[in-house]
Amino acid sequence: MKKIRCVCLHTVKDNRTLIINKRIANSMIVSVKKSTPAGEITAPASKSYTHRAVLAASLGKNECRLSHPLLSADTKSTMEACRLFGANVEEKTNPETNEKIILIQGFDGKPKNPEKPVDVGNSGTTLRFMTALSGLTDGEVVLTGDESIQKRSNAPLLETLNKTGAEISSIQNNGCAPLVVKGKINPGVFSIDGSMSSQFISALLLVCPLLKENSKIMIDGELKSKPYVDITLEIAQKAGVRIYEKQSAGTKNDAGLLNDAGIFYEIPANQTYNLGDYTIPGDFSSASYLLTAAALIPGADITMSGLFPSAQGDSAIVEILEKAGADISWDKEKGVIHVSNKAGKRLKGIIWDAGITPDLVPTLAVLGAFSDGETRITNAEHVRFKETDRLKAMAEELTKIGAVIEETADGLFISGEKSKGKMKGAAVCGRDDHRIVMSLFIAGMITGEMEIDTAESVQISYPDFFEDMKKVGAVFETKQN
Ligand SMILES: O=C(O)C1=C[C@@H](OP(=O)(O)O)[C@@H](O)[C@H](O)C1
Ligand SMILES: C=C(OP(=O)(O)O)C(=O)O
């Protein structure tokens, strides 16, 4: 787990001090040996649904009870942030089932001014959601996070919110945290770029229903990662909040080109959130690692439960593995996926447009390296704006193990043919990025002798990752660097 401490106080003109967090060197190394995963496992809860459920419950008035939540570093950042804005957020154990639940008494649409900077840690989702929420408070709000967060731009969100009066500034003057929000959001028409991150749009969608007049959010350009907006809409609807998604046909300009074509959202004013009792579904992004390992590794046999159909784009992992030729079946009514490679067959490379599935890209890069033929991942520029530039990271790390992989402007090109027989375990860098660590772990189960650093970062989205891998027979050791 990343240990964060405040090491530097950045003084600005009016003598306010802002906390800039630095990571203390504290790296865990995981050494993975060849392993054949087998057994039954329950998928961890969805990170995206948990973030939204915690915020939706905090925005409401009545007590809400969240069952089967994900309690990870990122979702805990959202829980802590909601506390700072005035919600009572408590982790409890359900005495009947012994499972963790979260009880939330919200601030009824009126967030208070946090008494200290809101530290989102490593969580982009938390930063974007809390920046928009800050625009509902009366005073000044400071938002900060770890070194990775301080390099991820929020420029489109700041630009849009600043046009409505939110007065947000980036201390580094580059759209990245630390951010200072001084003003309040006024209702109206919000126009926002959809090509960098859907989280900006989700942030606006969650806050606009609380404004005093109706709002409209217009998306400029392609809306990437759209399923995450659908998750936002689903949670808002469960909380009794109305948001209308519409598609504009656009108007032709003089050159005959379409203007204004695209998705927009209409949000009635003065609404109230009431999420009540809500159960968080399983997480397909987290499930993708073990499902892919089971599809690739001869003799593997995995049954994963808790995976019901939902708005998650990453449920496409089932279609992807099917396309690659895996033996996979999904009982949607029971929420159970079964994958096996008893026959010891090699999968084949695929072409995949990653526009709606950014978080699957590291998993798909490993899938491509160990499959026959070519794998091409396209439409994934937005994957560069995550905890790390994940296109660059996967290209560089898989090259270290002997894979033939090229970074393209919008994706990755992997030659399974040229990689075949050449790959062997190596010391690789997890880059403090949970998804890089978990995808390299499955590569290590195939090559053996793989050493991955910054392995503690699995805490961000899948704290039980190593425990679950042990349960299905993965052979590995962890040590502190
Ligand atoms: O809203 C969300 O919960 C998320 C949206 C996606 O980000 P982008 O919309 O920035 O692609 C995804 O990569 C991230 O892990 C979670
Ligand atoms: C990018 C991710 O999350 P976030 O944007 O919330 O940091 C992720 O979980 O892969």
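We count from 1, first residue shown onward.
Yeah, the Cβs are placed from backbone N, Cα and C, and that goes for glycine too.
TrEMBL labels come from automatic prediction, so no person has curated them.
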TrEMBL has LYS47, SER48, ARG52, SER197, SER198, GLN199, ASP359, LYS386 down as binding 3-phosphoshikimate; which of SER27, SER77, SER225 does it also list for that site?
SER225
Considering only the binding-site residues ARG152, SER225, ARG390, which possess a Cβ situated under 6 angstroms from at least one atom of ligand 2?
none
Based on Cα coordinates, which of the following binding-site residues are within 10 Å of GLY124 (phosphoenolpyruvate binding site): LYS47, ARG52, SER198, SER225?
none
What recorded positions in the list LYS47, ARG52, ASP359, LYS386 lie within 10 angstroms of GLN199 (phosphoenolpyruvate binding site), counting C-alpha atoms?
none
Across LYS47, ARG152, ARG390, listed as binding-site residues, the smallest other-CB tally within 10 A is for ARG152
CB < 6 Å to ligand 1, subset of binding-site residues ARG52, ARG152, SER225, ARG390, ARG435, seq order -> SER225
